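K.L.:
According to TrEMBL, the protein carries these features:
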type	residues	note
DOMAIN	515-707	domain 'STAS'
TRANSMEM	72-97	transmembrane segment
TRANSMEM	103-119	transmembrane segment
TRANSMEM	126-145	transmembrane segment
TRANSMEM	165-186	transmembrane segment
TRANSMEM	198-220	transmembrane segment
TRANSMEM	240-264	transmembrane segment
TRANSMEM	276-297	transmembrane segment
TRANSMEM	333-353	transmembrane segment
TRANSMEM	365-382	transmembrane segment
TRANSMEM	402-422	transmembrane segment
TRANSMEM	429-447	transmembrane segment
TRANSMEM	459-487	transmembrane segment
Amino acid sequence: MQPSGRHYVVVRPLFSEDSFAEQHERINRTRKTLRHHLKDYFTCDTNRAKNAARSLLPIIGWIKNYNIKEWLLGDIVSGISTGLVAVLQGLAFSLLASLPPGYGLYTAFFPAIIYFFLGTSRHLSVGAFPILSLMVGAVVTRLVPDGGPPANITGFEGLSMEQQRVLVASSVTFVMGAFQLIMGMLQVGFIVMYLSETLVSGFTTAAAVHILVSQLRFVLGLDFPGVNGPLAIVYTLENVFSDITNTNVADLVTSIVIMALVLIVKEINDRFKSKLPVPIPIEVIVTVIACGVSYAFNFEKRFNVVVVGEMVDGYESPIAPNLEVIKESAVEAFPMAIVGFAVAFSVAKVYSVKHDYTIDGNQELLAFGVSNMFGASFRSFAASTALSRTAIQESTGGKTQIAGVLSAMMVLIVIVAVGFLLEPLPRSVLGALVIVNLKGMLMQFRELPFLWKNDRTDFVTWVVTFVASLFLGLDLGLAVGLGAELFTVVCRTQFPRCSLLANITGTDIYRDRKDYNSIYEPEGVKIFKIPSPIFFANIDFFRDKLVQAVGFSPLKVLKKRNKALRKIRKMLRNGELEISDRGLEVRQPSTDTSEDNNSMEGLDQPIDFSGIPIQVNWNTELPANISVPPVNIHSLVLDFSAVSFLDISALKGLKATLKEFLRIEVDVYIVSCDVYIMEKLHQCSFFDDEIKTSIFYPTLHDAMLHILEKHPDHGELEKVFTVICKLSRL
């Protein structure tokens, strides 16, 4: 190849796959078997032991390179700022989990300590996540409802309603962590790839609506039992509107003022973040003010406002998970494990790219699995991350998980020392802070016009996931959304957009003939492209599209020709046909309209001219009103450049289709076939006396040049592809 300006010139022989293999010897590489992979996996040496230790304890890798002078101050500032937010979010998200507010502080402490040692992200703020809290709350209210007796579970005896709920939350968190740990040990961190951004967007938007509705009773100061299960959002709204006349005005006014202030200051933080050394901690400020005002004016007694109340005092002794609760909640715990990991990994990946370091999905699963199992033993509930909290940890100068540990220390101080100062805080303030933090997720509705305009399939996935999650619940909604997403993938591969290609005049480039005007299409040639793998689900679609593209069914043509030959043989035996210089002529009309007993057998076999003294021209008028569908092509090219794999069902269907075309004298060529597919074809005995390796060409242009050499007379291509009758006496 010689470059010439913006042109290139290639001079090489015309290759088929056979001739290319003769001139360019391929290296025979030995591939490892499963036994070799297992042997390598379980073989241990000094270096591998060191690497395993670094992998299981990522802290070993980064702590020795910690730059105290440059990083420590930023981590301290970040840890304090993030810790204050973690305290407030822990209290607020406890309400979503239907637990007393103080237990959210445990979730902000224990998992963060474990993640410090096991996590690979340097910026992730581990703790309560609103969607997970809501999913935990659904299990809690199902097993320990507000207005009714709890489920019949051994271990509930002698426990208060609050203690029963804490036991349920910690048990479901433990099994959620166990699922994450098992997936990490099985190295299935790739599972997050099955949750597309569209699906996650629809799911989190529905979750945000659930959270918003669930907080209305706190914002409005209403008192009604929580609802879980399918259509829970409908029943909750029904309770809100039926009881709205009992709205507590003090709670409502406080919530509106809090939301307005927080939204305004957050907008200021976003607009002037380049000028502000740290974001204004508006949540902390309004919380302190609300606590002071509530205490000074005695909101609880004067205005009947529900406050946080008695906080947890220090740490409680560890508890074991309840096996019956695990049995009852295992189905709901699995989607929690997936959602918690998917959200955390997505956020961690954003900051790892921004700060140029790597994260390990499998290690993240292990880290969150152990974190949740350890935290559950100390009465915390499901932990992941929150985008707002992680953004604060990164934007305030956090460089490593030292900031995460300092954040946990801030929570520790609140738990053991100053938690009582938060007791006068109205729960409506926590509800208002939760609602304000939903802004980002609720704004995802803006994606819909873009999806509708650019990708209707993704639009359907978003809407189905959103509607299912909204009305069926988050666990079932996620399953339905995942099913819808996989269904769209199957549809895209099962019903791909096949096309007929043509040559762009003056080039070796081939494109869809419908898209260009300056194209060259040799007569008698069809170039068919299928842009997807060929497998059991789409092989029939492939064959149907191929038949539509060429304009005839090769199997029907083959059967018609074999049937016509049988009739010609019979008429020759009966003397109804004779052979002349002009071909076959009718001597006398046939009066026998009966057919052979086995007339339908063998019609799909190769055409056999034995017993007929001439070779029949199928494109001329045949005697005795024998009609055979015309075949107006002599060559068919199949472009396999986008075919990534073939399964056995597709291989058998492809082989049958190729034979049908070859038996009606249409040459078939397959181009740009992947070498590993070629290997599979050899292994599966694809080639025989009819289908040979010579039909394969490395490029489409090689095949087209070969066809033009074989059929050079462009002006009379009709004569080329028509089989000319040659009279020959036996």
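Cβ atoms are placed via backbone N, Cα and C, with glycine included.
Keep in mind that TrEMBL annotations are predicted by a computer and have not been checked by a curator.
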K.L.:
Compute the average pLDDT of the predicted model within the domain 'STAS' (515-707).
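P.N.:
Averaging the confidence scores along the domain 'STAS' (515-707) gives 84.
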K.L.:
Does the transmembrane segment (276-297) make contact with the transmembrane segment (165-186) through 3 or more Cβ pairs under 8 Å, each pair 6 or more apart in sequence?
P.N.:
no
K.L.:
Looking at the transmembrane segment (72-97) and the transmembrane segment (198-220), are there 3+ C-beta pairs under 8 A, with each pair at least 6 apart in sequence?
P.N.:
yes
K.L.:
Six or more residues out from either end of the transmembrane segment (126-145), which same-chain residues have a Cβ under 8 Å from its Cβ atoms?
P.N.:
86, 89-90, 93-94, 96-99, 104, 107-108, 111-112, 115, 119, 151, 153, 161, 164-165, 168-169, 172-173, 204, 207-208, 210-211, 214, 225-229, 232, 325, 328-329, 332, 335-336, 339-340, 343-344, 368, 371, 381-386, 389, 404, 434, 437-438, 473-475
K.L.:
Would the transmembrane segment (198-220) count as touching the transmembrane segment (165-186), if touching means at least three Cβ pairs under 8 Å and pairs must be 6 or more apart in sequence?
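P.N.:
By the criterion, they do not touch.
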K.L.:
Sort out for me which stretch, of 165-186, 240-264, 333-353, 365-382, has the most Cβ pairs below 8 angstroms to the transmembrane segment (429-447).
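P.N.:
Ranked by Cβ pairs under 8 Å, first place goes to 240-264.
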K.L.:
Same chain, outside the transmembrane segment (333-353) by at least 6, Cβ under 8 Å from its Cβ: which residues?
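P.N.:
Here the qualifying positions are 120-124, 126, 129, 131-132, 135-136, 172, 175-177, 179-180, 183, 189, 191-192, 195, 200, 203-204, 326, 359, 361, 364-365, 368, 372, 382-385, 387, 390, 394, 474-475, 478-479.
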